[in-house]
Amino acid sequence: MDLGVLLRSLIPSLQSVYVLVSYFVYLAVAGELLPGKVIRGVVLSDGSQLRYRCNGLFALTLLVAILGISAKLGIVSPLVVADRGLELLSATFIFCVLVTLVLYISGRSSSDKTSSLKPHVSGNLVHDWWFGIQLNPQFLSIDLKFFFVRAGMMGWLLINLSILAKSVQDDSLSQSMILYQIFCALYILDYFVHEEYMTSTWDIIAERLGFMLVFGDLLWIPFTFSIQACNCVFDNEPGWWLLHNKVQLTVPAIVANCFVFLIGYMVFRGANKQKHIFKKNPKTPIWGKPPVVVGGKLLASGYWGIARHCNYLGDLMLALSFSLPCGISSPVPYFYPIYLLILLIWRERRDEVRCAEKYKEIWAEYLRLVPYRILPYVY
């Protein structure tokens, strides 16, 4: 495909803009109106706690049902994302740039003193735009940080479902595609089943909302996490990797792939659950025993006694399990786990610097008790 055709396919059409705007409007309305468990966030430095309505699973289920019925009636094409992937990607990128410029301007002009909205201005325009100025900015009472990560996770599933529909239409549905779709769907559905755990993650409680998070949530998650199924471009439309590459897996390969997914899920979900429960009630037993707590603040039991970022290990194993169905004929499907490895090592390094500054002697004791960062005996 020549460069001219590629560039033209990146220009958002009115339909792609309409799809994106409709998606955001639905999520905003559903997030406010649908019933769901209301969770109090962690206590912020000023003693305040934000409230989060965790109705993502309801909103996702209803959206998929609406789209399925609409596709059956011929109102919406199930291939709209698969056929307009690059347009939607570029439209999302433009939205990310615009919304973060608004966040930058509103943050700079804010005089709010609360922990959620107090502006943190370094004076470096690029730094403040990239990392953000405010911790939890809102729009029409919608917590934007929580909203954007929800949009990204749902978008990932919608992209996959559209690719699945295209593979069925093209009569190219393969064993590898089915395995990939099952693993991703289970992971995404599990995220929304345990959506309240997101409220105690570092992104929510510590990272300010700037281009880094907005771009990561809205564009990077849905469009690159699905790269195992989608690649670059073929002919005059988006091309999808598993649609154009038949991979025959042996039974042992399928079993091994399932094993990697299940172990990764057990570590990832178990570690995050232990962390969330500990933050809610530090006295809750871990693996049937009283938790080991360093300085009354840092958990050194369960998965968190094995490695300081054991949840990252689970996340990496899950990312690998999403790519293994594609075989080893090309490095392209392994972009996600490779990128995630680099990202998590970078993030782990940032986290450790912050924790060393925050906890001081307590952190030094924690390092002594839990010497490994991510992978025990290796790193």
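Please read every residue number as a count from 1 along the shown chain.
The backbone N, Cα and C atoms fix where each Cβ goes, and this holds for glycine too.
According to TrEMBL, the transmembrane segment annotation covers 16-35, 56-76, 88-106, 147-165, 177-193, 205-227, 247-268, 288-306, 318-346.
Within the same chain, the transmembrane segment (56-76) stays apart from the transmembrane segment (88-106): fewer than three Cβ pairs sit under 8 Å, each pair at least 6 residues apart. No contact links the transmembrane segment (205-227) to the transmembrane segment (16-35), because fewer than 3 Cβ pairs that are 6 or more residues apart lie under 8 A. Among residues of the same chain six or more beyond the transmembrane segment (88-106), those with a C-beta under 8 A of the stretch's C-beta atoms are 10-12, 16-17, 19-20, 81, 125, 128-129, 132-134, 137, 144, 209-211, 214-215, 218-219, 223.
At the 8 Å Cβ threshold, with sequence separation of at least 6, the transmembrane segment (177-193) comes into contact with the transmembrane segment (247-268) through 3 or more pairs. With a cut-off of 8 Å between Cβ atoms, the residues of this chain six or more beyond the transmembrane segment (16-35) that come close are 53, 55-56, 58-59, 62-63, 80-81, 84, 87-88, 91-92, 95, 140-142, 147, 150-151, 154-155, 158. When Cβ-Cβ distances below 8 Å are used as the criterion, the transmembrane segment (247-268) is approached by residues 174-176, 179, 183, 186-187, 190, 303, 310-311, 313-318, 320-321, 324-327, 329 of the same chain, each at least six residues removed from its ends.
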